[in-house]
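A.B. asks: Below: one structure in structure tokens.
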Amino acid sequence: MTNMSIVRFACGSSPRLCRSRTSFMVKSTCQYSATAVEEKANEQSSKYDLVVIGGGSGGLACAKEAAHLGAKVAVLDYVTPSPRGSKWGLGGTCVNVGCIPKKLMHHAALLGEAVHDARAYGWVLPEKAKVMHNWEVLRNAVQDHIKSVNWVTRVELRNNKENVEPSVPNASAFHDSENHLIRRKNKRTIDYINGRGYFHSSHVVNAVLNNGKERSLNAEKVLIAVGGRPRYPDIPGALEHCITSDDIFSLARPPGRTLIVGAGYIGLECAGFLNGLGYDATVMVRSVPLRGFDQQIAQLLCGEMEERGVKFLHKCIPTRVEKLENGQLKVTWSNVKDSSLQSDVFDTVLFAVGRRALTKELAVTTAGVHTEKESGKIRTDNEQTNIPHIFAVGDVLHEKPELTPVAIQAGKLLAHRLFNGGSEVMDYHNVATTVFTPLEYGTVGFSEERAVELFGEDKLEVYHAFYKPTEFSVPQRNASRCYIKVICEREKPHKVLGMHFVGPQAGEVIQGFAAAMKCGLTMDLLKTTVGIHPTTAEEFTRVFVTKRSGLDPTPQSCCS
Ligand code: FAD
Ligand code: NAP
């Protein structure tokens with residue numbers, strides 16, 4: 001029942017007639033009953049089957065799927081500006097300050113390389129020094145794309161309000177036992193609220209709106225999908241003068257000479273594209289680059305980056321950042337081995353030292369939800385928190401991959417379990433990923449170190465090969481770090497446990513092999529798979545040298 005129809009019923013007249021009455025008595029009675037009933041109606045309209053806190057990859061995926069299944073859903077999204085003042089629209093980290101702008105800047109850097117390769121392929125171009133890059137043009141193009149995605153995301157949510165048949169045939173299954181929901185089974189309803197959510201109680205989520213007012217939402221179920229934000233080290237000058245990935249993609253000025261602190265995914269990817277765009281980039285590494293990844297591969301990636309001009313400061317941590325009169329930043333750092341101090345001057349300092357979950361701001365403890373002491377992340381059992389009607393997906397989860405497709409898949413499956421009687425749970429194992437360093441790295445399954453730790457060296461066979469992408473030959477590009485590795489069980493049928501690919505388009509290559517691994521890929525099957533020639537992915541079908549054999553893994557011939 002809509003607000004209007006409730007008012008009509010209470011006045012015993014149409015709202016129009018009600019407004020036209022002249023008698024004070026009649027008018028005031030009408031107003032009284034209308035207000036009371038409107039309040040009731042508002043109360044009704046603030047009751048939701050699912051309230052999602054966080055309109056990023058995981059939250060939106062779950063909200064949309066739940067609405068498709070007939071649930072009444074509200075999504076709250078709010079972006080607290082970064083310490084440098086960067087803010088953005090609906091869609092979360094991936095769209096605004098993560099995967100998408102990163103991939104576009106990575107591609108921009110690769111195009112710079114391609115321009116130089118093009119000369120060898122016969123393109124007549126200005127001499128190398130005259131091929132320039134314009135930061136403002138790139139930044140504006142990236143930001144325009146982001147805004148178009150923000151807009152489409154909002155339109156998608158609005159369109160969810162139209163009457164449409166549920167996409168899932170048995171969508172009514174859940175509703176059969178819930179009479180009040182049956183009415184809504186053909187309606188996808190998502191209320192998008194641009195407000196900061198926090199728990200008032202375990203079933204009531206308050207939204208602090210932009211005008212400072214608060215709105216209370218009654219939730220039968222709540223999904224926490226608030227993701228995380230970059231951490232800053234607790235050193236003088238960090239918050240005042242430095243930036244993070246929240247700021248780099250919208251930076252008003254060209255970054256210039258940049259120090260990137262942190263050698264995880266974000267640190268290496270940012271250093272890679274900044275160097276590729278022509279900026280002087282230095283990475284400060286505390287322990288080892290890409291800790292947790294296959295370390296042989298991490299070394300190859302860093303070697304490649306170094307050769308392309310990226311500098312590395314190993315075993316160092318920053319201790320202070322000071323702004324000089326000319327606006328540059330003087331960074332002092334300490335060597336973790338001997339505590340010796342050193343300093344240098346940069347135009348930009350970018351911290352990529354990990355991300356913190358946004359659960360404190362959400363007052364999760366008010367709802368009784370437990371969080372991990374150190375990280376603030378939430379431990380769940382199939383996305384269910386310790387409070388049975390409160391769920392969580394995405395980056396906010398403890399010990400789960402912080403990746404967009406993971407958040408999306410978990411969100412969708414959760415919606416099916418909550419509103420469609422589904423039983424399928426998220427499989428967090430063997431999730432493929434790619435590090436978009438200039439020479440990309442795609443991987444699925446175990447690193448060599450982890451496989452040895454779990455299975456023992458004797459139980460494993462490690463196949464490997466260096467290879468030369470055909471397109472590298474004409475411009476004589478260095479292919480010495482194009483490498484593949486397949487880790488499998490030594491016992492027949494040699495189940496594949498991990499696959500690693502370093503080379504161009506690594507994400508595109510590894511995606512299909514991830515599906516194969518999910519189907520139980522064995523080395524025997526891989527060896528009988530016919531490759532596609534001439535591609536780089538076919539190298540996985542040609543790999544025959546084991547590390548154990550000690551044979552030379554460098555390429556002998558191209559086509560036989
Ligand atoms: P988010 O997308 O972060 O969404 C959470 C939303 O909730 C945000 O909009 C936030 O502002 C909002 N919010 C927070 N608190 C509240 C509150 N109290 N009330 C209302 N709203 C709130 N992953 C990949 O798979 N591939 C990549 O190439 C990749 N590259 C990345 C590059 C960078 C630089 C970064 C930072 C991340 C990258 N990631 C990548 C990771 C990916 O972006 C995240 O895993 C993904 O966005 C997580 O989705 P989420 O829904 O958990 O959270
Ligand atoms: P991360 O991978 O955890 O790396 C953090 C880095 O910062 C590590 O090298 C760490 O060193 C270092 N560090 C931490 N504290 C430090 C300090 N005080 N001083 C100096 N160095 C410090 O985090 P991230 O790179 O921020 O990425 C976050 C998540 O985003 C990733 O886990 C990933 O899932 C996701 N992401 C994915 C992609 C992709 O799919 N391509 C891209 C970007 C991000 P130690 O190793 O010594 O701790």
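Along the chain as shown, the residues are counted starting at 1.
Cβ coordinates come from backbone N, Cα and C, glycine included.
Copying in the features that TrEMBL gives for the protein in this structure:
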ACT_SITE  His533  active site, proton acceptor
BINDING   Lys103, Gly197, Asp395  FAD binding site
BINDING   Gly262, Ala263, Gly264, Tyr265, Ile266, Gly267, Leu268, Glu269, Gly354  NAD(+) binding site
DISULFID  Cys94-Cys99  disulfide bond
DOMAIN    48-411  domain 'FAD/NAD(P)-binding'
DOMAIN    431-542  domain 'Pyridine nucleotide-disulphide oxidoreductase dimerisation'
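Map these features onto the structure and tell me what's around them.
C.D. replies: There are 11 other Cβ atoms within 10 Å of the Cβ belonging to His533 (active site, proton acceptor).
The 10 Å shell around the Cβ of Lys103 (FAD binding site) contains 17 further Cβ atoms across the protein chains shown.
Cβ neighbour count for Gly262 (NAD(+) binding site) (all protein chains, 10 Å cutoff from its Cβ): 25.
Annotation note: Cys99 (disulfide bond) sits in a helical segment as assigned by DSSP.
Per-residue confidence over the domain 'FAD/NAD(P)-binding' (48-411) averages out at a pLDDT of 92.
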A.B. asks: Measuring CA to CA, name the entry from the recorded positions Cys94, Cys99, Gly262, Leu268, His533 that ends up nearest Asp395 (FAD binding site).
C.D. replies: Cys94
A.B. asks: I want to check the contact list for Gly264 (NAD(+) binding site): same chain, sequence separation of six or more, C-beta distance under 8 angstroms. What comes out?
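C.D. replies: For Gly264 (NAD(+) binding site), the qualifying residues are Leu290, Arg291, Ala352, Gly354.
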A.B. asks: Which binding-site residues from the list Gly262, Gly264, Ile266, Leu268, Gly354 come close to ligand 2, meaning a Cβ under 6 Å from one of its atoms?
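C.D. replies: Near the molecule: Gly262, Gly264, Ile266, Gly354.
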A.B. asks: Of all the binding-site residues given, Gly197, Gly354, which has the fewest Cβ neighbours within 10 Å once its own Cβ is left out?
C.D. replies: Gly354
A.B. asks: What Cα-Cα separation, expressed in whole Å, is found between Gly197 (FAD binding site) and Gly262 (NAD(+) binding site)?
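C.D. replies: Rounded to the nearest whole number, the Cα-Cα distance is 31 Å.
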A.B. asks: Would you please pick out, from the recorded positions Cys94, Cys99, Ile266, Leu268, the one with the fewest other Cβ atoms within 10 Å of its Cβ?
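C.D. replies: Least crowded of the recorded positions Cys94, Cys99, Ile266, Leu268, by Cβ count within 10 Å, is Cys99.
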A.B. asks: I'm trying to understand the geometry here, so how far is the Cα atom of Cys94 (disulfide bond) from the Cα atom of Lys103 (FAD binding site), in Å to the nearest whole number?
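C.D. replies: About 10 Å separate the Cα atoms of these two residues.
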